[in-house]
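Colleague: Supplied in structure tokens, the structure appears directly below.
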Amino acid sequence: MNSSSSSSLSSSIDLKVPGSIAVARREEATLTQARRKMRIAHYGRTKAKVAPIVVDQFPLEAVNTHLDKRCSFITSNSDPIYVAYHDEEWGVPVHDDKMLFELLVLTGAQVGSDWATVLKKRNDFRIAFSGFDPEIVSRFSERQIASVSTQYRIDLGKVRGIVDNADRILHVQSEFGSLNAYLWGFVNHKPIATQYKSCRKIPVKTSKSESISKELVKRGFRYVGPTVVHSFMQAAGLTNDHLITCPRHLHCSSSSSSSS
């Protein structure tokens, strides 16, 4: 979710609202924001418990201030689905095994692509991989693997990797009780709270993601390099990499406290 993975995002929506503009213009921007959320709502999470952002709960001035202070990799050219993902999901702690499996797949899929493209195919991924139920996916036959690759235009090797990872997840669940317990154990069951003030400071990988990557590889997981693992950690809330000036930083920190 850093600038390097979102360079190709584009949109004509302008989310910046100057503070000197008339009240009527601010109201229009707020309504536009609300409509956008309604349009992309079906792209969001269905398994994890994520509280939606309700625009009306903030005064107009507060809403416009929030829009101006998003993480700086969100720009006026960012795709609306990517903006919504930042505003509603990215960095929120996830503890549902199927959702963790989904995010692991999506973060791997956006390598060489971008988040907006992957998010637009999110529902296809859910259908293709049976709602990310590892027990079902682990039993995919070669015919099913080939069919998924052809029908959903997913690289055949990556489909096989996802099926293999589903099998690895079953082994982890058997040993640790859940994928959630295993993955969150790497961070002592509490998100890493970063204090970045600039997106240029957010790394693409860390020593923690490197160590987790090594452990996953030892267990037979595929497509889990340190960069993918760090992106996964950001998406699943194992690390809160929102800039400290972004209102979502505090929101994600509060979410982690309430779920602990």
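In case you wondered, yes, glycine gets a Cβ from its N, Cα and C as well.
Automatic prediction, not curation, is the source of TrEMBL annotations.
Per TrEMBL, the feature Zn(2+) binding site maps to C71, H86, H242, C246.
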Colleague: Could you name the residues, excluding C71, H86, H242, C246, of the same chain that surround the Zn(2+) site, i.e. Cβ within 8 Å of the Cβ centre of those residues, in sequence order?
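Modeller: Checked against the 8 Å cutoff, the neighbours are R70, F73, I74, W90, G91, L243, R248, H249.
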Colleague: Cβ atoms within 10 Å, counted per site: which of H86, H242 has the most, among these binding-site residues?
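Modeller: Highest number of other Cβ atoms within 10 Å: H242.
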Colleague: Indicate whether H86 (Zn(2+) binding site) is helix, strand or coil by DSSP.
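Modeller: SS state of H86 (Zn(2+) binding site) = helix.
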Colleague: With Cβ-Cβ distance below 8 Å and at least 6 positions apart along the chain, what are the contacts of C246 (Zn(2+) binding site)? List them in sequence order.
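Modeller: The list for C246 (Zn(2+) binding site) reads K69, R70, C71, given in order along the sequence.
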Colleague: Among all protein chains shown, how many Cβ atoms are found within 10 Å of the Cβ of C71 (Zn(2+) binding site), not counting that one?
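Modeller: I get 23 for this one.
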